[in-house]
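First the structure, in the form of structure tokens, and then the observations on it.
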Amino acid sequence: MGTSNSQHSMDGDSSSSSSSDRSDRGDGDVGVDGGGRQSTSSVVYNTRSRSGSGRTSASIPYTSRARAILALTQGSILSLSSRDLPPIIRSPWSYNSDDDEDEEGSSTSAQSSSKVTETQTLEQSEFCLMTKMGCGLKPDPKSQYSKPPPVMKLLCQRETGMKGGCGFSSHDLSSTMNHFLPNKMTVEDKYHHKAFCGTYSQDGNYFLSACQDRILRLYRTNGKRFTLLRKIAARDVGWSILDTAFSPDGSCCVYSSWSDSVYLVRLFGDSDSQDALQLTPIDSRFCVFSLVFSQDGQEVLCGTNDGFLYIYDRFSNQRVLKIEGHYGDVNTVAYADSTSHILYSGSDDSLCKVWDRRTLSESDPKPVGVLAGHLDGITFIEPRGDGRHLLSNSKDQTIKLWDVRRLSSEECQRESIRAASNQTWDYRYQKVPSKFKSSHRSLDGDTSVMTYRGHKVLQTLIRCRFSPAASTGQRYIYTGCALGRVLIYDALTGQTAKILTGHKACVRDVSWHPYKPELVSTGWDSLVARWQHRSESTDCESDEDFPSEDRELGSRRKASRQVMSSLR
């Protein structure tokens, strides 16, 4: 069974035709090549899950936090008093966190030698050093400070034009904003069908969602609430829109479904026309599970249910490459970095493959490397953007962090494929097998840098991502969950930094704003929810209800009334 099954939900609002389509593919399906021939390896692919929760840090009053961040990024120290500065719960340079807990609330008793080994491997990696530098956990070598300067000193340096000292850097911003993880939910929209996809544009000004009702919705985000700008009726949708992607300039998007084409939509202007990008597959039952633009916007990379990768060139208006990549469905594809030369693909065969666009040949496609270590199919891949590190989410209920310079041996690849082919459960309908609940099972030869556990991957291709570099230094890894949660992991410890609860069904997609400390979750409970940092104190209401100018004027009037009353 490929991941095409993962998109075939069991809900009652599916059409009768889609139900018959789903019944055609059973647990006994074998791997097929691009021509529909049975593969020499009869591989059955399925899925899994694991659960967990973690402690959250003590809350800091929202007003104080918001004013401190505003002063650091935009404002003036003259508008702050000492009581406005947030207390430091723990040093922003310290990355230790509380131990994780399981679903029943008890500590995971065997956070064992394998976990210690994973953490040691992570601490010795380049990823750990880069992340600490990016989020301010290590001082800048050019800085005169041997430890992070206090918030007041940063504010003073900003007020005086950043003269002297280490100045106010992106590292300072990240170390400060990492105290303000999203924690409060606001429902931005509710549909009548399952919501499948939701992503911010690169500049964060727009948000695009896709729903099982076959409608794309475009929102403007730079306001207190999302503003719906446009509804776009999708074409040739078999069961649901399965993936969407913004172009780098944000002017258009592409979407995919059970169709032999992906569709290009221009988001602005009066035209409602859509361009069909024909992939011309051989398989009559064809589906694109994943698609992404190249950095220059010229090419669209697709991962499909026939085990192939397709590349479509927008300017020549034709498919330019078809790569036989995997035994199972290709659930996810990505470009490694802005050069668009290195490609990643993840499949139900449990392997992540690395391809060099410059050397690929349709007649003899060979990856430049393979990453093996998962025990079941891969649902999503997220590159870090540095050309070296990536995340993979899997049906074995883990997220793995990889360094592409640490490739897997052929023996480990065989073991990983064998483990995936031996799975006998269906992750769309069944509970997680106990072998995946028992914590730190791993393959011999697993070359991943770190493994993150605690979320559940069930029912659909759940996604995971790095938090943004601009606001967090990519310190966090966040993911949806089949239990209706959003989990935020500390990438440097593997522990759960925050668990966001509020959805009542599976959260399939998550997207963090590129610059603000907020994220959006898209769930099968039909909700599009925005998570922002808020405290439980009531003083935040007055700060949010009025613009900053009105608050300042109100404070002056209040002070004036107090002076007048004292004179009387």
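Note: Cβ is positioned from N, Cα and C throughout, glycine not excepted.
Please treat TrEMBL annotations as automatic predictions, because they have not gone through curation.
The region 'Disordered' feature in TrEMBL is assigned to 1-62 (among others).
Taken from TrEMBL, the feature compositional bias 'Low complexity' applies to 47-57.
Taken from TrEMBL, the feature region 'Disordered' applies to 88-121 (among others).
Averaged over the repeat 'WD' (323-356), the predicted model has a pLDDT of 95. Taken from TrEMBL, the feature repeat 'WD' applies to 323-356 (among others).
If you look up TrEMBL, you'll see 371-405 (among others) marked as repeat 'WD'. Non-local neighbours of the repeat 'WD' (371-405) in the same chain are 3, 6, 45-50, 122, 125-127, 130, 290, 328-329, 331-339, 342, 344-354, 412-413, 415-417, 419-420, 423, 427, 432, 436-437, 441-443, 445-453, 455-457, 461-466, 469, 474, 477, 479, 489, 491; each lies 6+ residues outside the stretch with a CB under 8 Å from one of its CB atoms.
Among residues of the same chain six or more beyond the repeat 'WD' (500-532), those with a C-beta under 8 A of the stretch's C-beta atoms are 9, 11, 69, 177, 180-200, 202-204, 207, 209, 211, 221, 226, 458-465, 467-468, 470-472, 478-488. The repeat 'WD' feature in TrEMBL is assigned to 500-532 (among others).
Marked as region 'Disordered' by TrEMBL: 537-568 (among others).
Annotation comment: TrEMBL describes 538-547 as compositional bias 'Acidic residues'.
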Could you count the residues of the repeat 'WD' (323-356) that DSSP puts in helix, in strand and in coil? 0 helix, 19 strand, 15 coil
Summed over the repeat 'WD' (371-405), the DSSP helix, strand and coil counts are 0 helix, 19 strand, 16 coil
